[in-house]
Amino acid sequence: MNHKVGFVSLGCPKALVDSERIITQLKAQGYELVPTYEDAGVVVINTCGFIDSAVQESLDTIKEAMAENGRVIVTGCLGAKADVIKNACPDVLHISGAHAYEEVVNAVHQHLPPPADPFTQLIPPQGIKLTPRHYAYLKISEGCNQKCTFCIIPTMRGKLQSYPMAQILTEAKKLKQAGVKELLVISQDTSAYGVDTRYQQIEWQGKTVNTRFYDLCEQLGELGIWVRLHYVYPYPHVDDIVPLMRDGLILPYLDIPLQHANSRILKAMKRPASSENTLLRIASWREICPDITLRSTFIVGFPGETEEEFSELLAFLKEAQLDRVGCFKYSPVEGAKANDLDNPVSEDIKEERYHRFMQVQAEISRNKLKNKIGSTQTVLIDEITEDQIIARSKSDAPEIDGLVYLPKISGITVGSFAEAMITDSDDYDLYGDLEYSLA
């Protein structure tokens, strides 16, 4: 019997972690993963349904798999809208929502029974990872308690459920032992970690720690590898983490989605509504940890956004001088409360504002990177091509930030650290020469 499974993972890093967990279970039960539809006995697709373009990509992928294989199991965020999937592809075998690991595995069992002798001994202790060996995503919770009007994540993934502290720290230790040099801490609301447990106390390696964001960062910092924080909602207690960055326990890097700067728009989004307070906090973080890299994301073209309100966002951007910025044009998501707001912004204006926003940020980024010329940066080697080395500094998260390009020399391996002298820069990337390897 064919025990081969095709697997497609779409969407964000949080979905990638879900895929890793499902794949680990399937591999432990003896299934073989194959890269093509035609060789698979069944195909599993982990979908994204956050915005319209993601929904369309998911549906297109399902249709492609149905056309080339015909035996398809669908899971992930779009699975929460089973009717949408059924209308487009009525013959899919099974549909489940996000983080439904056991349900997906059981569906595979039903339509493709597992081998009699699973090869559990072949599964590494850290599980199967879909990232390069030297970095890994560490998911610390599921769901979100926020009520942002542009978002439907709580509908798809439920309320906040923090994973047990000991489970997270054990996974982190296994990843380090497997050679991982960088942990990317992710969730829907990273800084809310532990709220749902009322900061339950646990015993960990002979000491008492609380199930809360600060304690988790502190314990991860003791591993002695890069720890990078993503999706950090700007709660007041986030300020407490910055000294850990200054002291070198975790990377001086904070991914903190701010979404906008105008108070009326922020209130309509149901987000913290004080850009003045945000600017004061940014100044405080930089005073405590001068090397901190601040990344954020913003939405332009939110319903009702006026030219004056957009100009206020640009003014905030210029004053905040954020290091890394992403921007999204508002996209109405089925089920989001923001869809009911008056005065939707036209697509032409959204596009025009997006480009103006990115032009402002490109200049900020260009000037910030120019200031790094002549400095020495610790870099992590991501890739070695025929003619160059591609690396990242402490300021660069994989896939979403810039890169450091270096001339190829012998004795350097992927996943190793090195010191690089920066000699040039552009809008988003750095260029330099290797000084020496840190192994």
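Using N, Cα and C of the backbone, Cβ positions are placed for all residues, glycine too.
Pulled from Swiss-Prot, these are the features on record:
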BINDING   Cys12, Cys48, Cys77  [4Fe-4S] cluster 1 binding site
BINDING   Cys144, Cys148, Cys151  [4Fe-4S] cluster 2 binding site
DOMAIN    3-113  domain 'MTTase N-terminal'
DOMAIN    130-367  domain 'Radical SAM core'
DOMAIN    370-436  domain 'TRAM'
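Taking the features listed in Swiss-Prot, we show where each one sits on the structure.
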residue : record                          : Cβ neighbours (10 Å)
Cys12   : [4Fe-4S] cluster 1 binding site : 17
Cys48   : [4Fe-4S] cluster 1 binding site : 22
Cys77   : [4Fe-4S] cluster 1 binding site : 28
Cys144  : [4Fe-4S] cluster 2 binding site : 23
Cys148  : [4Fe-4S] cluster 2 binding site : 19
Cys151  : [4Fe-4S] cluster 2 binding site : 22
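Neighbours of the [4Fe-4S] cluster 1 site: apart from Cys12, Cys48, Cys77, residues of the same chain with C-beta atoms within 8 angstroms of the site's C-beta centroid are Leu10, Gly11, Lys14, Ala15, Thr47, Gly49, Phe50, Ala54, Gly76, Leu78, Ala98. Those same-chain residues not listed among Cys144, Cys148, Cys151 yet with C-beta within 8 angstroms of the centroid of the [4Fe-4S] cluster 2 site C-beta atoms are Gln146, Lys147, Phe150, Ile152, Ile153, Pro154, Gln188. Here the CA atom of Cys151 ([4Fe-4S] cluster 2 binding site) lies 12 Å from the CA atom of Cys77 ([4Fe-4S] cluster 1 binding site). If you take the Cα of Cys144 ([4Fe-4S] cluster 2 binding site) and the Cα of Cys12 ([4Fe-4S] cluster 1 binding site), they are about 15 angstrom apart, rounded to a whole number. Per DSSP, the secondary structure of the domain 'TRAM' (370-436) breaks down as 1 helix, 35 strand, 31 coil. Cα spacing between Cys148 ([4Fe-4S] cluster 2 binding site) and Cys12 ([4Fe-4S] cluster 1 binding site): 18 Å, rounded to the nearest whole number. Note on the domain 'MTTase N-terminal' (3-113): DSSP counts are 56 helix, 22 strand, 33 coil.
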